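*Asks:* The domain 'PurM-like N-terminal' annotation in TrEMBL covers B:29-138. Summarising the annotation, TrEMBL assigns Mg(2+) 3 binding site to B:Asp31, B:Asp76, B:Asp214. Per TrEMBL, Mg(2+) 4 binding site is recorded for B:Asp31, B:Ser46, B:Asp76. Summarising the annotation, TrEMBL assigns Mg(2+) 1 binding site to B:Ser47, B:Asp48, B:Asp123. Here TrEMBL flags B:Asp48, B:Asp76 as Mg(2+) 2 binding site. Taken from TrEMBL, the feature substrate binding site covers B:His55, B:Asp264, B:Trp320. The ATP binding site feature in TrEMBL is assigned to B:Gly122, B:Asp123, B:Arg147, B:Ser216. Per TrEMBL, the feature domain 'PurM-like C-terminal' maps to B:151-305. Under the heading Mg(2+) 5 binding site, TrEMBL lists B:Asp217.
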There are 2 protein chains.
Amino acid sequence: MLSEFDLIKQYFTRPKRRDASGRTVLGVGDDCALLAPTPGLQLAVSSDMLVEGRHFLAGADPYALGHKSLAVNLSDLAAMGAAPLGFTLALALPAADAAWLDGFSRGLFALADAHGCELVGGDTTKGPLNICITIFGELAPGTALRRDAAQPGDDIWISGTLGDARLALAACLNECALDPDDAALAAPRLHAPAPRVALGRLLAAGRLAHAALDISDGLVGDLGHILAASKVGAVLDVDALPAGPALARQSLELRRRFTAAGGDDYELCFTASAANREAILAAGEQSGTAVTRVGRIEAELGLRLVDATGAALALHLQGWDHFA
Amino acid sequence: MLSEFDLIKQYFTRPKRRDASGRTVLGVGDDCALLAPTPGLQLAVSSDMLVEGRHFLAGADPYALGHKSLAVNLSDLAAMGAAPLGFTLALALPAADAAWLDGFSRGLFALADAHGCELVGGDTTKGPLNICITIFGELAPGTALRRDAAQPGDDIWISGTLGDARLALAACLNECALDPDDAALAAPRLHAPAPRVALGRLLAAGRLAHAALDISDGLVGDLGHILAASKVGAVLDVDALPAGPALARQSLELRRRFTAAGGDDYELCFTASAANREAILAAGEQSGTAVTRVGRIEAELGLRLVDATGAALALHLQGWDHFA
């Protein structure tokens, strides 16, 4: 049986990286980690807690889970436009299962390394499976993409595609049948989302966008947070929403529902002046991320859904509420 | 029924404090919080996860639990000598219980306010009760009290008193009978520990101590982490360990066992040059925290327990291991 200290040593303590930037002064193993923030930059901080049966199904593949646990946090940094710095991991485990820990830690570190984001500390305890990551990033003062910064007249943009994660979940839950090719296309969107860190950093550093957030609970609900915080309204062209490749082959009704209110997309929704359209397309190109214009911010409060012809669309949609 | 957003708004969103230092640029409600670290200082970061049935008993008083959840994190900052800056809270709750949330948030904010430590963000979800706090503090480069800095010849010091938290737990678990006065004395040490932040800051800022940690899993096990990290040994005078007032009235055997390896003490154990004895007593005085010398760091590896006469003491003690 692995002890708590063996477990941390074996799976979560790594040799100092050769390319270490030197920003982590002291990592895993003391009462606190010590970081040296870059002078003059602000620190962006976010915590996400993932619970078995809520955020992932019991028996989920540990490698994918390690990836996703960090991905949802990196997505929060992306939504502010911050550069990843490091993270802490607190983990409650029913048992010290070596195979699970091996897969989880490999999935976690593969994504962490891809983003130069170092594990600096954390906690390990016994309990119902629960994964809590707190992530730190940096950005220049005044450049953060906040929810309260949307302005009437702004375009509304979406990165990547929407709805394939929800479609994969629907297939898992036997809500719909998918042919094997579509299932294979959609599954990675649910299990291994790609946080849009590079795009977010370009939008913030170039001051190209006003407001932004990452879409985790469904676009309509999440866009509502921007509208409420910015005290504005919007028109959203539901048929302009970029559907994932598997969802694109489904019925119009399912495409509308899962792009507008699917959940687990981890794409960016951002608003920007029409004057920046060319620059935003260039930022999408540079970061290898598709960007699509899907609507407009207006002074009139409320969210108005329209179809491809501009006619009002009555969709019964709801964002995700953990206590609903 | 409270929604997730109502819950965050009602219990965990507060008006900007009038005495705000301005270090929190953006708090609860966006994808990330934004902090403005003090230029030139290092950032100390720690995460602790508390699980029902492991770290606290089912049905624990929510006010005390709010206090304790933050106290154990503040204690980690104290052990590095860092000044509290802010924290994130991630919370998995079986249900949105208004009475529980009211008590928990009041206990949490009372201690946060006492230490000028602001809640900057977090996450709320449904799940088996789990409380994960990540705390941030600041300190000058080179002043952190690290575990690997003990030197042969150092005195070993303990803040406050040890063992009353373990005695209170023993009474809760019916391992021993306590008269009501003793129970009343011991209980707050288990349920509402006082993090030694002021003492830790004085020790670090004055460069009075070499190594330090906070005693959470029992002194002998925790001191072992300093010895291992510093590659030194120690002699520990078990009868010099300051017992809590309730424990002081128990048998010698229980006093030795619960002071040396009780757990949940949240006192500081630190090592310091003998030349600093007067200054350390003065720091104890200034911070209103008793400090007691209880042993000596030696070059010879291993921990040697002795009694008041200096004779070797064979105690079968063990630190806490969540997976043992």
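Any Cβ shown, glycine's included, is placed from N, Cα and C.
Distances, neighbours, how buried they are, the whole picture for these features please.
*Replies:* Within the same chain, no residue at least six positions away from B:Asp31 (Mg(2+) 3 binding site) has a Cβ under 8 Å of its Cβ.
Listed in sequence order, B:Asn73, B:Cys132, B:Ile133, B:Thr134, B:Ile135 are the same-chain residues six or more apart from B:Ser47 (Mg(2+) 1 binding site) with CB atoms under 8 A from its CB.
Around B:Asp76 (Mg(2+) 3 binding site), the same-chain residues at least 6 positions away in sequence with a Cβ under 8 Å from its Cβ are B:Ser46, B:Asp48, B:Ile135, B:Asp214.
Of all the Cβ atoms in the protein chains shown, 22 others lie within 10 Å of the Cβ of B:Asp264 (substrate binding site).
Around B:Arg147 (ATP binding site), the C-beta neighbours below 8 angstroms that are at least 6 residues distant in the chain are B:Ala211, B:Ala212, B:Leu213, B:His225, B:Ile226, B:Ala229, B:Ser230. When secondary structure is read from DSSP and collapsed to three states, B:Arg147 (ATP binding site) falls in the helix class.
Mean per-residue pLDDT, taken over the domain 'PurM-like C-terminal' (B:151-305), amounts to 95.
Around the Cβ of B:Asp217 (Mg(2+) 5 binding site), 21 further Cβ atoms fall within 10 Å across all displayed protein chains.
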*Asks:* Quick one: of B:Asp48, B:Gly122, B:Ser216, B:Asp217, which binding-site residues have a CB closer than 8 A to some CB in chain A?
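*Replies:* Answer, by Cβ distance to chain A: B:Asp48, B:Gly122.
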*Asks:* For the C-alpha pair, I'd like the distance in angstrom between B:Gly122 (ATP binding site) and B:Asp217 (Mg(2+) 5 binding site), rounded off.
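*Replies:* One finds 27 Å between the Cα atoms of these residues.
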*Asks:* Rounded to the nearest angstrom, how far is the Cα of B:His55 (substrate binding site) from the Cα of B:Asp123 (Mg(2+) 1 binding site)?
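*Replies:* Given the Cα positions, B:Asp123 (Mg(2+) 1 binding site) is 20 Å from B:His55 (substrate binding site).
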*Asks:* Based on DSSP, tally up the residues of the domain 'PurM-like N-terminal' (B:29-138) by helix, strand and coil.
*Replies:* 36 helix, 44 strand, 30 coil
*Asks:* From the Cα of B:Asp264 (substrate binding site) across to the Cα of B:Asp217 (Mg(2+) 5 binding site), what is the distance in angstrom?
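*Replies:* Each residue's Cα considered, B:Asp217 (Mg(2+) 5 binding site) and B:Asp264 (substrate binding site) end up 6 Å apart.
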*Asks:* Tell me, how many other CB atoms lie within 10 A of the CB of B:His55 (substrate binding site), whichever protein chain they belong to?
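*Replies:* Its Cβ has 21 other Cβ atoms within 10 Å.
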*Asks:* For B:Asp264 (substrate binding site) and B:Ser216 (ATP binding site), determine the Cα separation and express it in whole Å.
*Replies:* 5
*Asks:* If one measures from the C-alpha of B:Ser216 (ATP binding site) to the C-alpha of B:His55 (substrate binding site), what distance in angstrom results, rounded to a whole number?
*Replies:* 11
*Asks:* A 10 Å Cβ contact count, applied to the binding-site residues B:Ser46, B:Ser216: which residue has the minimum?
*Replies:* B:Ser216
